[in-house]
Amino acid sequence: MLYPLARHFLFKLNPEQAHDLSIKYLPRLLGTPLDCFFRHSLPKRPVTVMGLSFANPVGLAAGLDKDGECIDAFGAMGFGFIEVGTVTPRPQSGNDKPRLFRVIPAEGIINRMGFNNKGVDHLVAQVKKAKYQGVIGINIGKNKDTPIEQGKDDYLICMDKVYDQAGYIAVNISSPNTPGLRSLQYGDALDELLAALKVRQQELAAQYKKYVPLAVKIAPDLTPDEINQVAASLIKNGIDGVIATNTTLERDMIYDMPHAAEAGGLSGRPLQHKSTEVIRQLAKALDGALPIIGVGGIDSAMAAREKLAAGASLVQIYSGFIYKGPDLVKEIVTHI
């Protein structure tokens, strides 16, 4: 695999340039002799979660393909599912640049992207065009300029528009880069949002004559009591799954490393243990009521197995994929 060579080139660019270049050119390599460098034929590891059939339990986490423009290329790498987004009702440019930083000594990434995306209508058009046969999750959020009190409306708008094209819908209430968003994870605000989403899910299921599961993505920076409260709310409102976790605001693991003082969410290896502990606590609180998709610092088959042992049914990768490349998918699926 030539990824180490590609990484050497990409890491000479700033992180956002490298990302944009990859998203632009990867689809163009499909169907050419060069796609042999990332196309994988992997062993089947079928699993059924949230009523959906996955060819294997390894997925691409949201954030890498925000606008769904690279689905088939990522699919060729062997992912059992691909989560696109986060997408918002209206296009938005996100936060000021620079907003993406590599913490290379720790194989971590700090981002404060701010839900930059081309809007939900563009994303849905891209998903419709995709030939990928696996499960596509669509991660939805709210626009930055939508008051938090009206945030529920943005989620419902997105849900209406993506429902017919989504394998499952992921509700992102845990990004640290949209002001006030994480407040939706607590108490009455969470209950009110989940209740509204559940009602709309039932309406859309009747309209389209199919049931699309809802999964909620949570932060790692929750206390044990908060994890218990989130679990109770998920069960109470009949949510189908939970994604644990998003990025962390903590910096203890990288305090003396380059970019440690940058604002934003930290992902990658520094998040590995913290996210696994949240999964372990969450699994205990849920007691099998709904499945967990584990994400956070997975950079090896062993790290993936730790997430599964802690209580996850599926896993997702992002930062580990940036550092290790497509062979990481093959390693995890083969040795999980």
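Glycine is treated like the rest: Cβ placed from N, Cα and C.
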Given Swiss-Prot lists Ala62, Gly63, Leu64, Asp65, Lys66, Thr86, Asn172, Lys217, Thr245, Gly268, Gly297, Tyr318, Ser319 for FMN, the same-site residue among Asn14, Asn139: Asn139
Nonlocal neighbours by CB distance (under 8 Å) for Asn139 (FMN binding site), same chain, sequence gap 6 or more: Ala62, Gly63, Glu83, Val84, Gly85, Thr86, Val87, Ile169, Ala170, Val171, Asn172, Lys217
Nearest of the recorded positions (Leu64, Lys66, Ser175, Gly268, Tyr318) to Gly114 (substrate binding site), judged by Cα-Cα distance: Ser175
Listed recorded positions among Leu64, Lys66, Ser175, Tyr318 whose Cα sits within 10 Å of Arg112 (substrate binding site): Ser175
Cβ-Cβ distance under 8 Å to Asn246 (substrate binding site), same chain, at least six residues away: Asn172, Ser174, Ser175, Pro176, Lys217, Ile218, Ala219, Pro220, Gly265
DSSP three-state assignment (helix, strand or coil) for Asn246 (substrate binding site): coil
